[in-house]
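Structure first, then comments.
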């Protein structure tokens, strides 16, 4: 069999390297490997390669060593060798060996005779001997022996003289490695098979097919020994040969057994790689086959993922299924199951189409492809069924529409082809004649053809479901075809002109008719094999004929190129003319929807989803066939590319593949972490990490900043370290695109050192995963170490370094080695490592005294980099030291904050640890804390000073008994102090040094004196202390006392009548800074008020006799005027002060130096004269009482985040309060929701439903109001872009709980040319509303509240404006013209105001009060208008109802509250929650609103603590140092300040006038969000939260005379603002009810207190006059206007007739104007005592008691 196949190729040269056996293999029962031909070729190639590598060597080296034979070869016999012959390793029987010659000379070998070796070999030379067969047995080969005299000397003669009788077999290659033995055995077995010895090869069961002879065994052994040297044999083979060196059969048996186990896996892989499916078999069977293969491979450890499996499956799809390649090629995450769903869908569709056709017989061996047979046909590639070719697809499908002209193309006369042809007619080109056939052109062909077409023939197409032809001369019974849609393999439409019949007249004189479609738009005339099968005709490609099922041959098949053809000579021509067919056009009904249109209509879904939905009828109205899918594959939607753009995917392992060529320390990853805030200056704020790609060795370096020179120093260090320590050069450094890496300095450094920087792409942090993961791991370790050890935060980098040391020593699960091992370093000696934070005792080698202890408690951090020592932290010295002189402290707590220092014997160390703590805690305060059994959780870390030292005079007085302290009490206090365990603070001073172990020079802190009042919650008493400051102005405002005030400031003497006091420093909490308070006796604690005995405090005798009475200024007027002034003050909500005797100052204050005022600083309580005058004796409060006086930031408030962060040192901001006015671009706080927030992504189902309902309500209202012109839509290109306004929907929840949607225009981007900037949108002023409410209470008015729905839409718009339609209309490319004033337009408010104003005046009989917009009145009703909200006031409720009826005639008016009840009625009017009972009272508050809003601000509240007594305390200054923040952090804090101050301003403006000073001061610092400012803001919000239930209380006035009384109380605080600006404040009262307040910084810099007071009064007069006019318009009663101030000098100037005083004053002009205003407007100027001046809360921070005293009458 083998020789027969070889004889068919006589032209192959025996000496050629490619002369390999390509025939089929021997019978399967003799071939246990079942190796395919492709594998044989691989083996032959490997053999050829091995043989070609053999070179000519000396004879002594040609024979391999044989350890199994002890006898050497005879010396006379030349050893076998590979001589210098061209035909290497080829042998034949023509070359005989000497008789009886033994190849190895072994005595046991069977003797050989000539011609007894394999005749299939030809020896390369006479000296190269090969194994022989014994002559007694005869040759086992089936071929005869060649002639003996035929010898070949070289390749040329071999090629020329070779005869067909010589048979050549390629020998196996030489074995060169034990690892190559499995592959070598395969070639060895193939060698035996080709030598006709396949029967002796063991089968699967280990036994040969036939017995093996001795000669064959000898041949087997000798061949094995030649080509398999013993030194290259595997161990298991050597083990077999050591037992029996001739047992080659056992080696073959075991090798085959091993190969069988690998064959299944190899077959599965080959099968999976060569999958083919076209629908000819059931889809279920194909799926089962594929899944079984994948499962077997997965079970054997060969994992085939979904992506690879899907690619292999799709590569083998053909026919109808090939389309899945294009629809699936972009789906990276598809699964095998999803792919088979699509395959099943197409298969089921095919089966349904076949069932609808007539049954016909088909040859299953020939028909392999099925295609769709329904109307929407497909023309896939032609599949030629040539069993000897694997690539049978049409290669020229792209030329289907490019038919070229070829008029001289020859054709084939198929009559000369025999019916019994067994070989395919192969035409290489049109001019190639094969087997004597002649090509002639068909006479019926009148159509141009392409170059690769066989003219005059029909192309046999197994994939086409219909027959198509280009020429009309063969179509019978042609007719138009409006209902047939045909697409090609690329799913492109093929227009069809006509349909008819194609009639064949075959060789057996039978006629057959097929349906044919006419189209000139194809490259070939196609004959569908499916339609032939329908008429019982099949194509047999083995015989190359068309035949019927009974075997009758009808016509021959010609193979030309890659395709098969049938001659057109069998077609019968028709009489139809060509123009008749070509004039047939497609009906209009065949028009299809373009795919881009459907893609856009269906929300830009992908083509596969759309087709699947159409197939399953999930979309109705049209079918899949109604869509033109021809462009679906190649269509790129630009909107999808933009809207669905994603980042590229990171392929796992791609980095390793790219970087695997680098050696250790050649590729580094680096990244920077930081900053870490709130650290001392000596502690690093950043660290930079490096990771080696190969070894994963890590380095970390501390950084104090990210400047380029700092980064450059680190790079220089790490490169030098790697070069010197590891003898390596860094080639690449990967880093992100931070400015610290991309700067020019570092770039030049890397370029100079030949290092390639590898940057990540934009927004691709995942590409920097190595460095990012390292930083995350180190930070996790750092947080854990600090938490476990309790060490302070400034040691954070020590924790990082400790973690790096340990991580470099731990083995990686992937590499099974540590980074140190990869780097060639020794492992970490754990005996030298201590737990992080381990308590130790360090030897002090330089104690202060020889008798002092020499041990200092400390905490171990990490091994030293620079020595064999250990880095240890010493809390008592606030330093870290590098030492080996330490002892581990056994059995002690490991945490610093749990360390029991009292258990140690180092008393001196204990004193050092607690020194700073003792500096700010007095003994009496500890005694009070113990007496009350109060545990203070206050953290003193912010109050610690570096090495504080108590002033000796203060400490001596603090611990010595005084006259006011009983000795027994002092003794008890001392005992309690000694028993108190004082713990070292967690945070340290910012000036800690880590390099010097010696204590720094100690400094003392200067005690400060401040004024502190008691709270409601304390219970303990503390004295009020005057805060001494430079007094530049007297309190009585007389200029003659200024010099005396200055003398007092420098005076060292006080009154001698006071009890001695001792000043001790205390901790600052609750909004106050460090203060010094005097110790007093209990008898002194009841003393409250002390007057400053200075010349500027001298009062008239009347005031001295009765301080608690208000004393009007006496003039020359009558007693009636004096009574008027008294009546003005009579019913005001002023505090009631009991008379108290004056007290004197203590002598102890004589020793205290004056403290200079920081008058250039912004202060929450500057040092004005009225503020400097404070009380001395008051209740003294213990330290623990301050624990709820919150003065900590958000970070330090929450105990879980005690380690706060300091601002990074990146950007400096200068504190300029004036910058607040310049900034106009601060984004307002957005309280509304967008559509996606309210509906699309809203997870609250109930809220979402309410917003949807509101949305539909708004849309209906827009349509109802005819907001836009619905008759015409405009194209966007036709309209000027300036007149196009963007629009959007916004959603919010109203105060009453209803949900509202509003369609608004984007007025913020409206062009200035589209509106009149002079028009204004007016709303009612808050003072007008408060005035109307106050008059309503006094006159028993009814209050009715209305709302006009969609108010702006009632106003027409004059300008020509266009908007984009709402989204639900689906007309994004169109515009509509506005007809109404849409919300959001800049002119809408003004248009609505003019519309409603005109209607109220003309239709309702109202008139607008002059100077007060949106306040309308008539004789019975007053209306306050705020956009669409109306508040009606009238004495008769029917009058309100009449107005309501008229409003409803024009507007959609809704009654919110009619107000007809005589009981208490609750209103919600413009944000105010009002409780009103006619004729009795009115309460104004915002409790519900604040309860809802404040928690949403994310402010750290303290709900469980005691309430604050005041929003701030006096004596606290805002530090004006430069603020250093990162840009993002700065913007975040400014935004937070905006939210907090915005809410506070809203509340203060509405009714909390007592907070206006604090709000105004903090509002000036919105752009300066320092930690201190944020702390104050949090404290303010906390106070608002604690007092959210407070209300502004009004009671109905009961005047003696029917008059209205309007009073303004004024006050000023001189020079307590930056740049010596003064704070002024005014409170307005109507009939004793506070209706408004104002606190602001004076616009002018005043030179004295009197000038500041004059400025404050002059600022209040204009508003006072306007309010007077409004009151007279609304209530026709006489009005009395009063002006109250506590500055007598101001009053004397105003009422003085001596004009000479004004000439010597800077404020003379203002004073003159003020005097004219007072006299011209009949203002009554009165004096009010400072202690009763409620306007004092508008100008300065007050002590808690004073604050409550001045506000509890009107806010409670």
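A Cβ is built for glycine as well, from the same backbone N, Cα and C atoms used for every other residue.
Summarising the annotation, Swiss-Prot assigns compositional bias 'Polar residues' to 1-10, 48-60, 127-152, 1005-1017, 1031-1043, 1054-1082. According to Swiss-Prot, the region 'RNA-binding' annotation covers 299-401. Per Swiss-Prot, phosphoserine is recorded for 416, and the stated evidence type is similarity to another entry. Taken from Swiss-Prot, the feature active site, for protease activity applies to 461, supported by sequence analysis. The region 'Integrase-type zinc finger-like' feature in Swiss-Prot is assigned to 583-640. Summarising the annotation, Swiss-Prot assigns domain 'Integrase catalytic' to 660-835 and lists sequence analysis as the type of evidence. Per Swiss-Prot, the feature Mg(2+) 1 binding site maps to 671, 736. Summarising the annotation, Swiss-Prot assigns domain 'Reverse transcriptase Ty1/copia-type' to 1339-1477. Positions annotated as domain 'RNase H Ty1/copia-type' by Swiss-Prot: 1611-1753. Taken from Swiss-Prot, the feature Mg(2+) 3 binding site applies to 1611, 1653, 1686.
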Residues in the domain 'Reverse transcriptase Ty1/copia-type' (1339-1477) grouped by DSSP into helix, strand and remaining coil: 37 helix, 50 strand, 52 coil
Residue 671 (Mg(2+) 1 binding site): secondary structure state under DSSP, collapsed to three categories: strand
Distance [Cα-Cα, Å, rounded] between residue 461 (active site, for protease activity) and residue 1611 (Mg(2+) 3 binding site): 104
Collapsed DSSP category at residue 736 (Mg(2+) 1 binding site): coil
Mean predicted confidence [pLDDT] for the domain 'Reverse transcriptase Ty1/copia-type' (1339-1477): 89
For the domain 'RNase H Ty1/copia-type' (1611-1753), the number of residues DSSP places in helix, strand and coil: 70 helix, 38 strand, 35 coil
Helix-strand-coil residue split for the region 'Integrase-type zinc finger-like' (583-640), DSSP-based: 25 helix, 4 strand, 29 coil
Candidate with sparsest Cβ neighbourhood (10 Å radius) among 461, 736, 1611, 1653, 1686, the listed recorded positions: 736
DSSP-derived class (H/G/I helix, E/B strand, else coil) of the residue listed as 'active site, for protease activity': strand
